[in-house]
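Working notes, beginning with the structure itself.
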Amino acid sequence: MKLPIYLDYSATTPVDPRVAEKMMQFLTMDGTFGNPASRSHRFGWQAEEAVDIARNQIAELVGADPREIVFTSGATESDNLAIKGAANFYQKKGKHIITSKTEHKAVLDTCRQLEREGFEVTYLAPQRNGIIDLKELEAAMRDDTILVSIMHVNNEIGVVQDIATIGEMCRARGIIYHVDATQSVGKLPIDLSQLKVDLMSFSGHKIYGPKGIGALYVRRKPRIRIEAQMHGGGHERGMRSGTLPVHQIVGMGEAYRIAKEEMESEMARLRGLRDRLWNGVKDMEEVYLNGDLEQGAPNILNVSFNYVEGESLIMALKDLAVSSGSACTSASLEPSYVLRALGMTDELAHSSIRFSLGRFTTEEEIDYTINLVRNSIGRLRDLSPLWEMFKQGVDLNSIEWSHH
């Protein structure tokens, strides 16, 4: 077993060696390096064929038509293209959008930008376990609501929203439904031929493909229109201009092909490891699970260790690559906005750690992690005056702390 142990698969994954090997064939003079938009020679045709194969591989994993897959630079761009693209195209119909407070920043900040442009956005607060109350969603829907954006799996706490029911609710009212599926694709079954989802964002690097490539699913029947955000040569049926990066697209396609083959057995394995990790720490005092194991992704475990400062905990766990929040926001010392939206105190939010497991995680690593966490928490609490006061029965909420 090698240290440090990587348990931050929700931030990014290593490229699968099978994917890397495939990508190498599309870079050099000896390989298929052509521009797929070059229609006048073999180099272009071969590149175009490789892109078509990858488009099919992605469509097959999610039950879509390959013509519904639009390549982008990643899920952040897909979220932007979906939300801004739909809002701009349908704004004559209405200017109201619904999302949730626990979405990824790529959705929240896109909605904030649209608010500056005159759109109105309702941000739903989830229930304590992170699940959106569908009655609240229904109550928020209005005649001028044009778009709902609610993710499939939350990147911090792993809870799974009921996108099938939300899709039915939106379709019944003629509202477009966008789903950020970055954390669920290849981990949970997705069948867009059955789901009433109109737009869905995907990433390559969360599923053992390369960084810098993603896709947006845009439904054809009923046809969804979006306004391009990137203008140029009219690539991707006019929705996203820019020369297609064939090596990255091929990598994403291969990663999705592997995921389709291995998803069922791999997710059962990861669920077992996640449960083993939780069972190994849950009997400690003042340890709380964030999210919901029953309605959760099999590979994410978010736990708060009360009376331990999150930053010092991460320092103590230097042999583990884990995070306190998502990589995009963990650089700031602010507690996770996702956990705060669940109604958690700043103290508890600060002491939370996200463990995300993946393809190369072993049972040995999980057992090492359990021991390390138990020892580190014990040591840090021994040093903590707050823990001492808590053990003496002092109600810490009743203390007036002096500001200095």
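The backbone N, Cα and C atoms fix where each Cβ goes, glycine too.
The model shown is predicted, which means the values in this text are computed figures rather than measured ones.
As given in Swiss-Prot:
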type     : residues                                     : note
BINDING  : A75, T76, N155, Q183, S203, G204, H205, T243 : pyridoxal 5'-phosphate binding site
MOD_RES  : K206                                         : N6-(pyridoxal phosphate)lysine
ACT_SITE : C328                                         : active site, cysteine persulfide intermediate
BINDING  : C328                                         : [2Fe-2S] cluster binding site
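Locations of recorded Swiss-Prot features on the structure.
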{"residue": "A75", "record": "pyridoxal 5'-phosphate binding site", "DSSP class": "helix"}
{"residue": "N155", "record": "pyridoxal 5'-phosphate binding site", "DSSP class": "coil"}
{"residue": "Q183", "record": "pyridoxal 5'-phosphate binding site", "DSSP class": "coil"}
{"residue": "S203", "record": "pyridoxal 5'-phosphate binding site", "DSSP class": "strand"}
{"residue": "T243", "record": "pyridoxal 5'-phosphate binding site", "DSSP class": "coil"}
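Counting only same-chain residues six or more apart in sequence, the Cβ atoms lying under 8 angstroms from the Cβ of A75 (pyridoxal 5'-phosphate binding site) belong to H104, A106, D180, T182, S201, F202, S203, K206, G214. Within the same chain, the residues at least 6 positions away from H205 (pyridoxal 5'-phosphate binding site) whose Cβ sits under 8 Å from its Cβ are T12, T13, V15, G74, K211, G212, I213, listed in sequence order. Summary: among the binding-site residues (T76, N155, Q183, S203, T243), the fewest other C-beta atoms within 10 A of the C-beta are counted at T243. The record assigns A75, T76, N155, Q183, S203, G204, H205, T243 to the pyridoxal 5'-phosphate site; their largest pairwise CA distance measures 30 Å. The sparsest Cβ neighbourhood within 10 Å, among the listed recorded positions (G204, K206), is found at K206.
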